[in-house]
Amino acid sequence: MDKIVLEGCRFYGYHGAFKEEQTLGQIFLVDLELSVDLQAASLSDQLTDTVHYGIVFDSVRQLVEGGKFILIERLAGAICEQLFNEFPPIEAIKVAIKKENPPIAGHYKAVGIELERQR
């Protein structure tokens, strides 16, 4: 299956189980892999034959920056739901969400989740 990839999208949001996360917010890193049939676009060179990743980015940004979720698992699920609703050609989605600085003790590069959904 063909894929459209958005990697390292950075957004500021207020998601998390801790009060500090909900009031102070933090940066969220989002990676997306969208399974789409790109056959027509690969032949036509027309934007109308693909999924516009700029619009995908804006859609995800609105959810991450405008919504509030306790769990990033739920945020990821909401991203999948929204993208499936907005873009019928998307057949499957893999989304990864990471927090670089959650309020937990320890040394790590990031913590996060990854989920995959199919239409």
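Keep in mind that glycine also has a Cβ here, set from the backbone N, Cα and C atoms.
On a predicted model such as this, the values are computed, not experimentally measured, just so you know.
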Open item on the list: Suppose a student reads Swiss-Prot and sees Y53, I72, E73 listed for substrate. Which of E21, E91 should they find annotated at that same site?
Closed with: E21
Task: Three-state secondary structure, which DSSP defines for K99 (active site, proton donor/acceptor) - done: strand
Task: Proximal but sequence-remote residues of the same chain as K99 (active site, proton donor/acceptor) (Cβ under 8 Å, at least 6 apart) - done: G16, Q26, I27, F28, L29, I72, A110, V111, G112
Open item on the list: So if I draw a 10 Å sphere around the Cβ of Y53 (substrate binding site), how many other Cβ atoms end up inside it?
Closed with: 13
